[in-house]
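Quick look at what Swiss-Prot lists:
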SIGNAL    1-21  signal peptide
DISULFID  Cys52-Cys108  disulfide bond
BINDING   Arg215, Arg355  chloride binding site
ACT_SITE  Asp217  active site, nucleophile
DISULFID  Cys397-Cys403  disulfide bond
DISULFID  Cys470-Cys482  disulfide bond
Amino acid sequence: MAHLLLAVVAITLALSQSVFGGSPYSNPHFTGSRSVITHLMQWKFDDIAAECERFLGPKGYGGIQLSPVNEHAVLGNRPWYELYQPVGYKIQSRSGNEEQFKGMVQRCNKVGVRIYVDIVMNHMSGAQEGHGNCWFKLQWHHDVSRCSLLVPNDFHGRESCHTDNMDIKNYDNPEEARNCRLSGLRDLKQSSEYVRQKQADFLNHLIDLGVAGSRSDASKHMWPGDLEAIYGKLHNLNTAYFPANSRPFIYHEVIYYGGDGIKSSDYTKLGRAIEFHFYRDIANVVRRHNQLKTVKNFGQPWGMVPSDDALVMVDSHDLQRFHTGQVGVNINYFESRLLKVATAFMLAWPYGVPRVMSSYHWDQKIEDGKDKNDWIGPPSDGSGNILSVTPQPDDTCNKEWICEHRWRQIYNMVHFRNVAGNEAVSHWWDNGDYQIAFGRGSKAFIAINLQDGQGLNRKLATGLPQGTYCDLVTGNLAGGKCTGGTVTVDGSGNADINIAKTAEDPFVAIHVEAKLH
């Protein structure tokens, strides 16, 4: 019997791994049918905990990406990127302290929402004006723990970086990109066993507190072999929240658009790669640079990594500030119509693990293809304390916080994806140009109209059972009634789909859990 039980456990683990790809670090450990991550950029830990309980849990979100949580440089104008200049590995940031972090993780896990921490392992802060730094002669943030116990020999020096000022010049040269400094930030020598252990200790502390995994910032600038050695030291996830022997979920920032040099696939045995082709290619389609009909085989045939190795997005904290990509391609909340369409497609299309951006407001100032205000940090008071997020009666947030994850058109598409599950794309239709529709088996259906100056008015096969469905783009199913439009599916699975040429939200989405009768 014991041998049989062990065999069953082994088969279960093998099946779980096959669903989430070949890497032991590719499983996000969502609960139930949940399937979507949102990035709550630089929210306070207490606000995140409350959001899990009042919105993210009930609306079916699977997890949250946090901004970096460890002690960091404090720069004069409090830019958002100071969190990406760590000075040590104590949980202490603008978002809160360790006790607040611990409480947040517990409260979110309790309602089925996983936590993924943005981890900066490539570097420590540079010797810039400000305070919060360590061996490079600046004080500690909050004057805690006498630095991270790192010394100059724990960083790459001229013996391994040969550029004139030790900064990266050629980002496609693996040795230079991984041994030299990223924008002047002190590059950690992860071939050092001491550095590896320090970083593993920090990750293990987060794991023991109940996080499900992490985003690996700037993975492109770290040797895969060094990361593999560090990950080999990691604990399994906390069994108070996860099944025994669960490995942490890790997804890697590897900016790659094709060609030679450092590839996304170099990192997929260590988790998922953030697929930059995805945002760029869908942005070009939504902007009508390429025909919408071409997305019929969107994913790996477009040069992307396999679906089980991908995390996908249409916006991010870097993209919306044009730190990669460019003005006229990248889509963000300043162009809400385009963002909603791109996000709807991402959530309807069965490729990768999707992540939804949730932003705060800042005043863009575009000059010469750059945002001159791209440094502006989160909403804060005169002392630099981050302002709380306050939900409004209409489910939006106070004006300082954009809260795209609370937009009806987005959270209802999160539900769409959860309902569609592993169903394949079916009932594809297009007009040969900028109108498409497709189903997800017998569970869900979406139609999108980006045709210039032309509505979509057509009877289409949906694959859904006969009945009347709430259109989740224009409203919700509440109290047995639709607050928006409806779509009627006949006995043959067909429905009259109507999307006006001037529609603010040029798509219709229905699924079996929004069926009236």
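Using N, Cα and C of the backbone, Cβ positions are placed for all residues, glycine too.
The two recorded residues, Cys482 (disulfide bond) and Arg215 (chloride binding site), show a Cα separation of 38 Å.
Around Cys403 (disulfide bond), a 10 Å sphere centred on its CB holds 23 further CB atoms from the protein chains shown. In this structure, Cys403 (disulfide bond) belongs to neither helix nor strand by DSSP; it is coil. Counting Cβ atoms from all protein chains shown, Cys470 (disulfide bond) has 25 others lying within 10 Å of its own Cβ. Each residue contributes its Cα atom, and for Cys470 (disulfide bond) and Arg215 (chloride binding site) these two points are 36 Å apart. Cα of Asp217 (active site, nucleophile) to Cα of Cys403 (disulfide bond): a distance of 23 Å.
Rounded to a whole value, the Cα-Cα separation of Cys52 (disulfide bond) and Cys403 (disulfide bond) is 13 Å. When the Cα atoms are compared, Arg355 (chloride binding site) and Cys403 (disulfide bond) turn out to be 14 Å apart. Mapped onto three states, the DSSP output places Arg355 (chloride binding site) in strand.
Long-range C-beta contacts of Cys397 (disulfide bond), restricted to its own chain and to partners at least six residues apart, with a cutoff below 8 Å, comprise Val389, Thr390, Pro391, Cys403, Arg406.
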